[in-house]
Each structure stands twice: as C-alpha cells, then as structure tokens.
Amino acid sequence: MFLTRNKLFGTFLPVVSPDCPWFWDNLTCWQPARLGEVVEVNCPELFSQFMIKGSVSAELGKVSRNCTPFGWSEPFPHYLDACLYEEGNSTHPDMYYVSVKALYTVGYSTSLVSLTTAMVILCRFRKLHCTRNFIHMNLFVSFILRAISVFIKDGVLYAKEDSEHCFIHTLECRAVMIFFHYCVLSNYFWLFIEGLYLFTLLVETFFPEKRYFYWYIIIGWGTPTVCVTIWAVLRLHFDDIGCWDMNDHAAIWWVIKGPVLASIMVNFVLFIGIIVILVQKLQSPDIGGNESSIYLRLARSTLLLIPLFGIHYTVFAFSPENVSKRERLVFELGLGSFQGFVVAVLYCFLNGEVQSEIKRKWRSWTVNRYFAVDLKHRHPSLASSGVNGGTQLSILSKSSSQIRMSSLQAETPAI
C-alpha cells in the first residue's frame, strides 16, 4: 500500500499497490494496473512515419495488455499489426532517429563552439559594445543555452539505448526538462527581439536604444520564465507522469507551444515589413546603381535576415504535429541545429566592424612585438635586466623626452 495525493483537496489517500507495476517494453510505457484490468495505449509516435503506403487511416491504432496473475500479457494486437508498420520498409525507425540525433548533435556542437568564440570577441573589444551588439550577444547566449540544454536532456533521457523510461520521474529529470523548455523559449523570444529591434530602427527616426534595451531584457528572459513556471505548475497538478518529456495533454502543452508560435508569426510579419521598407529604400533615387544591383542587394539582405529571424521555422509552424513529422524532424532539429553557427558567422565573423577591430588589434600587437624584438637586439643590457618590452619602450620614450628638453634648455639664451 502506498499514498497518493488527492489533487482536489490536497490530502493523501491510501491506494492499494498494483498487481502489475510500471513496465517499459522499449516502445511504450505501461502504467500500473490491478489484476484483470486491461490497459490500452496509443501506438508509439515513431510508427507514424512508417505506416503502410496507401493506408486510408490517418491515425495510428491502439495496443492493449492484460494484467494477469503471472504479470503483463503479450500486447494484442501486435505492434506490427496495430501500428501499420510495413515490415518490408528498408528504413528502420530506430536507425532513422539515431541518424537525426547524430545530425543535430554535430549541428549543436558546431554552433556551441562558434557562438562561444563570437561571444569572446564581442566581449573583448570595447569598441564593439553597443545596443545592437548587446542584443546579438543575448541571442548568442540563448543559442548556447539551447545547445547545452539539448545535450543535458539527451544525457539524462537517452544515456542508454534501453533506458527504462517508466522509472525516469525524479526531480532532477524534471528540472532538466524545465531548463530545456526555458532555453528553447528564450531562444525564440530573442529571435523575436532581433526582428523587433531592426524593424523599430527602420521605422522610428529618434530611437532611444538604451531605454528600450531594458524592456528587451525583460521580454527575452522574463517572459519565458513566466511561461515555463506556469507550465511546470500545471504539469505538477494535472499531468505529473514520468519525466515530463511527453505532452499528452494538449491544453497544458499550449502554454509552451502558444508563445513559440506567436513569436514565429510576429517575426514573419516583421520580416515582411522590413523587406518592404528595404525595397522602398533601394528604389529611392538617392541610391545609385542599376536595377540588377538593387535586386542583388535586396536578395543579400533577405538571406541575411532569414537565420536572424528564424524564418525557416514558419515552414512547419502551423501544420499539425502528426503531419510530415519525418521531414519536420530533419528540418527543425537537424538543419535548425546549425542556425547558431550561421548567425555567429554572419553577424560576428563576417561583420566588417568586427573584422576592422580585429585587424587593428593585430597591427598594434605586431608593431609592439617588432619594437620589443628590435630593442632586445640593440640594448641587450636592458633585455637581460628582466625589464619587459613595454617597460623598455617607456624608458626609451622618457629618455628621448629628457634629451629633447636638455637640448632646448642649452639652446635657450640666458636672460
């Protein structure tokens, strides 16, 4: 006998221990049942992309198990029959998901390295500190956190291929899922802020960037906190099953999905508005160039904005989740994992302002190194005395200034 919480009154009531405990058969998690009880579950989602070709039914079937005195019975009907899996299909669902996982692991690893390097560059050079780059840096941080959360989630949920998902319901596991959803939501909101900032910059003549930046911080990091907190409270009270990695209750899942779709939709509208403004500016008589160069600049500007705004998410944003799921996984998980890398390359490594600052620092370092080496050869006594190159240069500058002052005093006639 164990205790379970009454969700209506918040009290604990005794419940008889089940005759058939939690059971994971490497495909589905079966909840505990009493003797003689029949448990029916939907087919696993991985079968949705491997149904028999030409099947009229758009929905998957159901599989049942009976709780007998000897434990759980065999599933009836069998998975292959109920879930419409075509045995002759050359692509096994397990291999497909393993391939997708390998693809987005490479993508997030590449993005993590490039974004970390870009953050170091933007933080290192003070001349690059401005509102625009501060927003870029927050976007980079959101991409970094998203990649880290994906790796942590995979490490917790899929550390072993035969993990018993029925027993993954610890507090740490749920905390990982909360952190994962927070990082994903923050990433979408900072993509939205990038679009909002650029659109406001083009529309408003006088734009108080610093005052708006604090609101951007609140929206980018505060709004996901509120959404994820509400989602966690609802899961705790109404769907407290497993590690919270499955979203069987659509109403609760919309607390996370709704803000994501809203940010994608608003960003798409802002993207269209910015393209219209760019077309008007490029067609202005004040801007020179022929028609082909105008369209070339417009195309280049559009391509630069697509990864920054996350426009590629609109391809499957408003389609049902059970439609084209195989393509959705490859597009959003596989290709989307490289978005951070593309953003870091376009808005840091290929940025003209960043390149100019790096070149300036490189020239300064090269010149200082040249004078230090030259001074070492000309004044070995100074070099062997433990004085570094910077101190030697200061000594030379002071000596030369003193020589000039003495020469001027010698040339000045006495009054």
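Any Cβ shown, glycine's included, is placed from N, Cα and C.
Lifted from TrEMBL, the feature list:
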type	residues	note
DOMAIN	20-87	domain 'G-protein coupled receptors family 2 profile 1'
DOMAIN	100-351	domain 'G-protein coupled receptors family 2 profile 2'
TRANSMEM	102-122	transmembrane segment
TRANSMEM	134-152	transmembrane segment
TRANSMEM	188-207	transmembrane segment
TRANSMEM	214-234	transmembrane segment
TRANSMEM	254-278	transmembrane segment
TRANSMEM	298-318	transmembrane segment
TRANSMEM	330-350	transmembrane segment
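Proximity of the transmembrane segment (254-278) to the transmembrane segment (102-122) is not established, fewer than 3 Cβ-Cβ distances being under 8 Å for residue pairs spaced 6 or more apart. Same-chain residues lying 6+ beyond the ends of the transmembrane segment (188-207) with a Cβ under 8 Å from its Cβ atoms: 131-132, 135-136, 138-139, 142, 216, 219-220, 223-224, 259-260, 263-264, 266-267, 270-271, 273-274, 277, 305, 308-310. If you look at the transmembrane segment (214-234), the same-chain residues 6 or more away from its ends with a CB under 8 A from one of its CBs are 135, 138, 142, 174, 178, 181-182, 185-186, 189-190, 192-193, 196-197, 252, 255-256, 259. On the 0 to 100 pLDDT scale, the model's mean across the domain 'G-protein coupled receptors family 2 profile 2' (100-351) is 84. Proximity of distant same-chain residues to the transmembrane segment (330-350), defined by a Cβ-Cβ separation under 8 Å and at least 6 residues beyond the stretch ends, is recorded for 100, 103-108, 110-112, 114-115, 117-118, 121-122, 136, 139-140, 143-144, 146-147, 150, 304, 307-308, 310, 312-313, 315-316.
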